[in-house]
Amino acid sequence: MIIRFLTFVVLTQVNYSWSSPEDVKNDISRAGELLSKGKYFDALSYYHKVIDMDPTNYQAIFRRATTYLAMGRAEKALADFNKVLELKSDFYGARNHKANILLKQGKLKEARLEYQKLPETKEVLAKISLLSELEEIRHTIKYAFEHENCDDVEESVGSLLEKIPWDPSLYQIRAVCRKIRKEFGKAIHDLKIASKLVSDSTTFMLEASKIQYQLGDFKDALNSLRECLRFDPDHEKCYSLYKKLKKFNKSLVSIEKVVAASEWLRCIQIAESLERKTDEEPILFNIRRFTCKCYRENGNLTSAIDSCTKALEKNSNDVELLLERADAYVVEENYDAAIADFKKVKSLDPENDKAHVGEKNAQRLKNNKGKRDYYKILGVKRNAAKREITKAYRKLAQKWHPDNFPNDIEKKKAEKKFIDIAAAKEILTNDEKRRLFDSGIDPLDSDAARENHNHGFNGFHGFNPFEGENGNFKFFYSNY
């Protein structure tokens, strides 16, 4: 029984590992069909099968190499082309592909050696001539970089990358220049491309994470560090920075939660506590991005503007910070400063609706300066809550009640004052009317109302504070 079983296993293994020339031909043909349809992984499985059965099948190895090349896996392709040349040194296609890969990788001397082993066709001679031109450009880049001429570096690298797109050193040197020129986003982009062109990406991902950290982009920095640690879990520098950022990012998440819940005071408390524990600018920048908004929402306008301004010193093109500061300036009635911030946002993001609407409203409010201001009538700030508005109204209504003034001239003055007070209360305790007024449109101004397409709008909705028998006003404090 045991002998029969072993015989069955051996025969099965022999049948599995052996294929006829016809089977091999069919597998290669099937792989070619899949390759033509862009099904690279399926094609590879057939090539792997054929090569595993016959490691000397250079035709299958060559076709697998071209599949790798189509997938953008140059190193894998290069390894297979080398295997082909070990088996058949005069294989023109393999050597030509190898030379082309080396050229694109920027290994110009190695590429030249491979081209020189090929027949001197017109195409090959043109490639050898091109190599000389590329070597000259590379010398130009080296000279420009050593003399800190980043303009020439940028131009020459761009030119060279058209022919040598797989050379990580070109992206690296351009990233250095872009960092010097404070083009941080472009520098990070170059480092990420470079990281995909090498087997060990830790150097590039660490450098990218440092730039992201300095910009205050902690989430992106953490992702870059995770990429570094995925390749080398024991990388000391990546782990050290990762540990620090992860701890602080946890605190940022807690602030994000209270902001999402509109708990502005709690946001300020957490942020101020964090601020006292650090003097690192990237961390302070992130804290101030929150306090900028939370102070404004909580009514602390001076602190809001201060936080926004300090954060903008770190990144003057932060759209959200500019919008937050502009809104704070509007409430402070510093319309020129608000308009300047809105305009800057528009220059950075021409499609930003908040900036367009904000600038228009700030300009309208500036033009209306000197006209009836309901906030000033009640003596409250522009960000006052309804309770504060109602309290101010009651106090002023009692003070300017017309019955308190027996003198006709004083009564007339009090009546006018009281109408303004009643109008202010009506506008500022109605959300829609207050929104219109805050945008620079007075709902009680007939011209402004027409401009806003609110024809026939009556701010009091039929309410007349002096309506009554014989026109005498009767006011009941208990109703307010």
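Cβ coordinates come from backbone N, Cα and C, glycine included.
Annotated features in TrEMBL:
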SIGNAL    1-19  signal peptide
REPEAT    58-91  repeat 'TPR'
REPEAT    202-235  repeat 'TPR'
REPEAT    319-352  repeat 'TPR'
DOMAIN    373-441  domain 'J'
Tally of DSSP helical, extended and coil residues in the repeat 'TPR' (319-352): 27 helix, 0 strand, 7 coil
Residue counts (helix, strand, coil, in that order) that DSSP gives for the repeat 'TPR' (202-235): 28 helix, 0 strand, 6 coil
Secondary structure composition of the repeat 'TPR' (58-91) [DSSP: H/G/I, E/B, coil]: 27 helix, 0 strand, 7 coil
Helix, strand and coil residues within the domain 'J' (373-441) as assigned by DSSP: 51 helix, 0 strand, 18 coil
